[in-house]
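Enquirer: Quick one: this structure, given as structure tokens, is what I'll be asking you about.
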Amino acid sequence: MKYLLAAGLFFTCQASLSQNLLPLVWQISTSDTIVHSVDSDKLKDAGKVNLMLSWERQGYFYRTGTCRLAADFYMPASYADTALALNLRLPCHVKGLYVNGSFIGGDIANQFWTKRDEVRHFTLDKQLLLPGSWNRISIVADEFSYTGGKTNSLCSLTPVRAGNDKEKVSLSFSGGAFVFHKDAPFINIASIGAKGSDAEVFIVNDLHDTLYHTNVAVTDNKQELSLYVSHVITEPGFYECVVVQKGKGFTGDVKWFALDPEKIKGNTQEPGKFTAYWKETMQELSGVKPDFRVKKCDSLSKGKRNAYIIEFTSLDSITIRGYYFVPRTKQKYAALLHLPGYGYGFNKLESFVKSKENVAELALCVRGHGISADVFNPGFDIPGVWGWNLHNEKQLAYRAIYMDCIRAIEFLRSRPEVDAKRIGVLGSSQGGGLTLATAGLMQEKVKACAYFDPFPCSIRDLVKVRKLCVDEWSSYLKYYNNPISFDEAMDIQDLVDTRLMASRITCKAFYATGLFDDDCPSRVGFAAYNAIKTPKKYRVYPADGHLGESSPYADMMQFLKRELHY
């Protein structure tokens with residue numbers, strides 16, 4: 001990794017507290033990626049990107065390729081003798097960083113998954129800047145990182161010595177809540193230190209429709225404003241509120257709220273052959289001898305638990321494996337089936353090993369995941385598990401993966417140490433979708449289930465919220481030489497849509513969701529939740545994305561502990 005400097009560079013995890021001269025909304029282009037010595041023209045084929053929002057929410061991801069981001073900023077003449085620092089933290093690979101066409105640094109790796117909070121500070125040479133005039137900053141970047149919906153992007157230009165003129169703006173909703181019923185909330189804007197500035201407010205629904213836009217004048221250094229929006233926000237759904245304040249510098253805030261989420265209905269219609277499709281699949285599984293096998297794993301048998309590697313034979317005669325943890329004392333235990341997220345193979349087992357809970361736990365690696373990827377292994381890119389044989393309803397990966405989960409329940413029910421009347425299922429993301437499928441297909445054999453932002457679920461809604469799904473599906477179809485149309489592929493996907501399993505669930509259920517989740521958004525999870533007819537609960541985590549920053553898994557575990565009585 002290398003850094004080239006115009007003047008100097010230092011590292012810290014603390015951003016400057018001075019005013020930021022750089023706007024929050026930038027131009028972005030995938031075609032105009034060359035920075036010239038005279039860099040002032042509008043980018044060709046340019047769109048807009050807001051650094052407060054995730055790349056994926058705005059249509060950019062790791063396969064987008066090289067882009068150029070550019071922003072024009074005015075440098076007051078009074079800053080002519082002020083040392084300025086360019087502060088950078090972007091979840092992407094920065095190939096080149098330029099100010100007024102001059103190269104500042106480059107080859108800056110994406111550190112979202114390593115040193116997420118680290119900020120790089122470049123002290124700019126005064127000769128690069130134009131006091132009393134407009135300037136241009138350009139960033140050439142690729143490998144736009146997945147963040148799960150929350151981003152910590154930062155690109156600001158501030159005096160090296162922090163001043164006391166810090167401007168700030170923040171959003172809140174009526175009563176400090178985030179979930180509302182019947183009427184949309186008042187949007188509260190709190191501005192500090194920005195007299196004479198302008199605050200621009202947007203409200204965009206999760207389907208990317210801008211429903212409200214206004215500019216508000218800030219007339220005092222400490223001001224609170226409330227905006228009435230119930231006349232335009234009327235439909236059940238999820239709403240992203242963005243405020244960008246322009247005073248001496250730029251600052252902003254983003255928050256989400258939900259309106260009547262219990263009234264959300266998914267757009268996927270149950271195919272006429274849905275019931276027969278799964279009845280036939282279950283019958284096919286019953287014709288495969290399970291051949292349950294259990295082998296002690298001494299390296300994981302610590303504390304109060306013994307650990308085992310379990311194996312069984314599932315659909316297509318493929319061997320499926322998992323990690324099985326049982327308390328050492330001999331008795332009948334409630335059991336939990338943990339189901340994996342997309343691409344996750346339970347490679348982190350410390351929480352299972354150290355747990356003191358009086359419950360048996362099976363962490364299942366479904367086919368293609370972890371220690372069950374030796375035979376079936378399409379990876380997670382193209383075509384990946386989701387795109388595997390998407391044109392053939394009998395060879396869809398999820399048709400077989402759901403059967404892996406069914407067989408895991410059969411395994412637990414076969415164990416002498418397990419109380420077959422106290423089996424729970426849980427998972428997040430893909431694991432959440434697998435939870436819905438397992439509970440829906442096994443019905444009374446599952447006592448309780450808990451899920452976080454599920455996948456694949458309410459797929460016809462998912463492709464509207466997470467528009468990158470359309471690009472992904474086009475790539476999958478291209479991999480197979482486009483044997484069917486996109487619409488025909490969606491018809492086949494209806495057969496594995498776990499929202500359609502939800503109405504078949506007979507156990508109690510708990511749903512957790514993060515409002516910032518742009519991977520498996522709240523709309524699809526509520527579409528499933530609202531189809532469940534049994535006693536159920538949900539909890540909204542207003543500041544969480546798909547990574548579950550507030551640890552919703554802990555709440556899921558507590559729910560299951562209460563329901564399974566262990």
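Glycine is no exception: its Cβ is also placed from the backbone N, Cα and C atoms.
Keep in mind that TrEMBL annotations are predicted by a computer and have not been checked by a curator.
So TrEMBL has the following annotated:
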DOMAIN    263-560  domain 'Acetyl xylan esterase'
BINDING   Tyr342  substrate binding site
ACT_SITE  Ser429  active site, nucleophile
ACT_SITE  Asp517  active site, charge relay system
ACT_SITE  His546  active site, charge relay system
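I would like each feature placed in context: is it buried or exposed, what are its neighbours, and how far apart are things?
Expert: Secondary structure at Tyr342 (substrate binding site), as computed by DSSP, is coil. For Tyr342 (substrate binding site), applying a Cβ distance below 8 Å and a minimum sequence separation of six or more within one chain yields Phe380, Val385, Trp386, Ser429, Gln430, Phe455.
Reduced to three states, the DSSP call for Ser429 (active site, nucleophile) is coil.
Counting every protein chain shown, the Cβ of Asp517 (active site, charge relay system) has 30 other Cβ atoms within 10 Å. According to DSSP, Asp517 (active site, charge relay system) sits in a coil region rather than a helix or strand.
The C-beta environment of His546 (active site, charge relay system), restricted to residues of the same chain at least 6 apart in sequence and closer than 8 Å, consists of Gly148, Gly149, Ser429, Asp453, Gly514, Asp517, Asp518, Asp519, Cys520.
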Enquirer: Other than its own, how many Cβ atoms are within 10 Å of the Cβ belonging to Ser429 (active site, nucleophile)?
Expert: 26
Enquirer: Which three-state DSSP class does His546 (active site, charge relay system) fall into?
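Expert: Going by the DSSP assignment, His546 (active site, charge relay system) belongs to neither helix nor strand, so it counts as coil.
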